[in-house]
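Swiss-Prot has this to say about the protein:
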BINDING   His59  O2 binding site
BINDING   His88  heme b binding site
DOMAIN    2-142  domain 'Globin'
MOD_RES   Ser4  phosphoserine
MOD_RES   Lys8  N6-succinyllysine
MOD_RES   Thr9  phosphothreonine
MOD_RES   Lys12  N6-succinyllysine
MOD_RES   Lys17  N6-succinyllysine
MOD_RES   Lys17  N6-acetyllysine
MOD_RES   Tyr25  phosphotyrosine
MOD_RES   Lys41  N6-succinyllysine
MOD_RES   Ser103  phosphoserine
MOD_RES   Ser125  phosphoserine
MOD_RES   Thr138  phosphothreonine
MOD_RES   Ser139  phosphoserine
Amino acid sequence: MVLSPADKTNIKTAWEKIGSHGGEYGAEAVERMFLGFPTTKTYFPHFDFTHGSEQIKAHGKKVSEALTKAVGHLDDLPGALSTLSDLHAHKLRVDPVNFKLLSHCLLVTLANHHPSEFTPAVHASLDKFLANVSTVLTSKYR
């Protein structure tokens, strides 16, 4: 999906509001994914899945940092996420559907924390952005 100039503005504005809460929101989204979609836990056999575990916080921070990098490279997501795509496709072998599940959980988390800013237009822009990130992350599976 092509991101319009309005989408890019919505994404950057929304991400600025996330700011220093990125790691916290990332961890909340990861925890929400594990609770809502328990099969996703199979990729993390060494994790402590209790609320607020350090492993969930650390992975949430990684997710947030990767998305922050992607927001900074909206015109070159494949270049910005190439290493991460290789990791997930060749080493971790994560089922591509899990990216969609995490994206959904992230949208729910952001809507929960920023309800007044999470307008239909912002929701649509973030959804397109996360779909594009998912597409890039799964592009090397083929």
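Counting begins at 1 with the first residue displayed.
Glycine too: its Cβ is placed from the backbone N, Cα and C atoms.
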Restricting attention to the domain 'Globin' (2-142), give the mean pLDDT. 94
Rounded to a whole number of Å, the separation of the Cα atoms of Thr9 (phosphothreonine) and Lys41 (N6-succinyllysine) comes to 34
Quick one: of Tyr25, His59, Ser103, Ser125, Thr138, Ser139, which recorded positions lie within 10 angstroms of Lys8 (N6-succinyllysine), measuring between C-alpha atoms? Sequence order, please. Ser125
Work through the recorded positions one by one (Lys12, Lys41, His59, Ser139) and name whichever has its CA nearest to the CA of the residue listed as 'phosphotyrosine'. His59
When the modified residues Ser4, Ser103, Ser125, Thr138, Ser139 are compared by other Cβ atoms within 10 Å, fewest goes to Ser4
Reduced DSSP assignment, Ser4 (phosphoserine): coil
Length of the line joining the Cα atoms of Lys41 (N6-succinyllysine) and His59 (O2 binding site), in Å: 13
Tell me whether the residue listed as 'O2 binding site' sits in a helix, a strand or coil according to DSSP. helix
Distance between the residue listed as 'O2 binding site' and Ser125 (phosphoserine) at the Cα atoms, whole Å? 24
Rounding to whole Å, the Cα atoms of Thr138 (phosphothreonine) and His88 (heme b binding site) are apart by 8
Out of Tyr25, Lys41, which of the modified residues has the smallest number of neighbouring Cβ atoms within 10 Å? Lys41
Checking the recorded positions Lys12, Lys17, His88, Ser103, Ser125, Ser139 against Ser4 (phosphoserine) with a 10 Å Cα-Cα cut-off, in sequence order, leaves Ser125
Spatially, which candidate from the recorded positions His88, Ser103, Ser125, Ser139 is nearest to Lys12 (N6-succinyllysine), comparing Cα atoms? Ser125
